[in-house]
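> Take a look at what TrEMBL says about it:
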DOMAIN    7-339  domain 'RNA 3'-terminal phosphate cyclase'
DOMAIN    181-285  domain 'RNA 3'-terminal phosphate cyclase insert'
Amino acid sequence: MASHGLTYEGCNFFRQRLVLSTLSGKHVKIKNIRSRDDEPGLRDFEASFIRLLDKVTNGSRIEINQTGTVLFYQPGLLYGGSVEHECNPQRSIGYYLEALLMLAPFMKNPLKANLKGVTNDPIDPSVDMLKSTALPLMKKFGIDGESFDLKVVKRGMAPGGGGEVVFTCPVRKTIRPVQLTEPGKIKRIRGVAYSVRVSPQMGNRIVESARSVLNKFLPDIYIYTDHMKGANSGKSPGFGLTLVAETLNGCFLSAEMSSTPQGQGDPVLPEDLGRNCAKLLLEEVYRGGCVDSSNQSLALLLMTLGQQDVSKVLLGPLSPYTIEFLRHIRDFFQIMFKIEVQKPLEDERKGGDKVLMTCVGVGYSNISKTVK
């Protein structure tokens with residue numbers, strides 16, 4: 001077995017390594033995790049992430065040394081089923097969900113995950129954003145069905161949390177290859193302005209300031225206000241905005257912002273937040289491509305795992321996270337992507353440089369899914 005394992009150093013890209021290890025069945029050893037820190041070893045949210053992986057797999061072997069600076073992970077089979085997990089509030093539920101989205105289609109039983117914790121914080125993609133961009137992206141790869149859903153039951157802002165989401169996903173035997181090369185023009189913008197434990201007026205103020213920027217770009221804009229009260233509003237006050245631009249060809253680009261968590265730094269005005277978030281969305285539209293920057297790695301993973309056929313996806317400039325992900329895909333699956341940079345013509349108004357990613361899938365099939 002020793003020949004199939006991979007060894008890494010440091011705490012960066014922790015989830016990427018464990019997720020790819022679980023999918024490829026190769027065990028992984030991560031050394032020197034914050035070994036020079038005052039508090040060495042794994043953080044609580046990383047330990048919580050390992051526990052979640054343990055819950056959705058069967059027979060994983062996880063060894064951590066006493067200081068928590070070395071982790072050995074031998075993946076078991078993806079089992080799925082009903083899972084409840086209390087996510088560590090240091091990171092939002094999005095941190096855990098991003099990994100679950102990558103694993104869910106390959107479970108033995110359809111996944112129903114009930115995750116509790118922080119639904120919106122300034123660091124990780126929020127549940128709203130994943131619902132409006134990651135799910136439609138996965139549908140293009142043939143992962144869909146009535147049971148494919150992500151529901152926000154309760155909102156919980158950082159730092160207190162208290163939110164709850166339910167993610168359900170059917171299993172698929174194979175992933176279909178895709179050709180996403182023409183994003184098409186933006187046809188409409190949708191969004192959610194949410195507020196909890198603050199005046200409901202905050203939502204309206206965010207919407208108005210976001211519209212003041214976006215109306216110059218496009219008339220078809222609708223931003224819902226979502227004000228959760230009482231038990232559904234979590235433990236901390238806050239507000240934020242998630243915006244999604246949809247193109248004629250059904251691609252989704254998104255941007256989001258949330259207020260500074262209570263007791264951490266300068267408070268932010270709803271007007272500024274609305275305007276800045278709208279500008280972030282326009283920036284994302286400028287970067288363009290068929291997948292927004294937060295979902296690049298998800299798209300590349302699904303391309304890698306597709307049937308043995310060519311997949312092509314046009315992306316905006318690759319984020320540093322995505323570049324590292326490509327290196328990991330090479331390590332775990334021996335798949336290399338062909339990368340072509342496309343410069344838009346001067347008069348086309350198509351935004352920044354794009355990258356066309358091409359690969360042949362490994363023909364990954366869900367071994368535990370028997371054909372009925």
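We number each residue from 1, going along the chain as drawn.
Even glycines carry a Cβ here, placed using N, Cα and C.
Automatic, uncurated: that is what TrEMBL annotation is.
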> Would you mind giving the whole-number mean pLDDT across the domain 'RNA 3'-terminal phosphate cyclase' (7-339)?
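For the domain 'RNA 3'-terminal phosphate cyclase' (7-339), the model's average pLDDT rounds to 94.
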> Take the domain 'RNA 3'-terminal phosphate cyclase insert' (181-285) and count its residues per DSSP category (helix H/G/I, strand E/B, coil), listing them in that order.
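The breakdown for the domain 'RNA 3'-terminal phosphate cyclase insert' (181-285) reads 34 helix, 36 strand, 35 coil.
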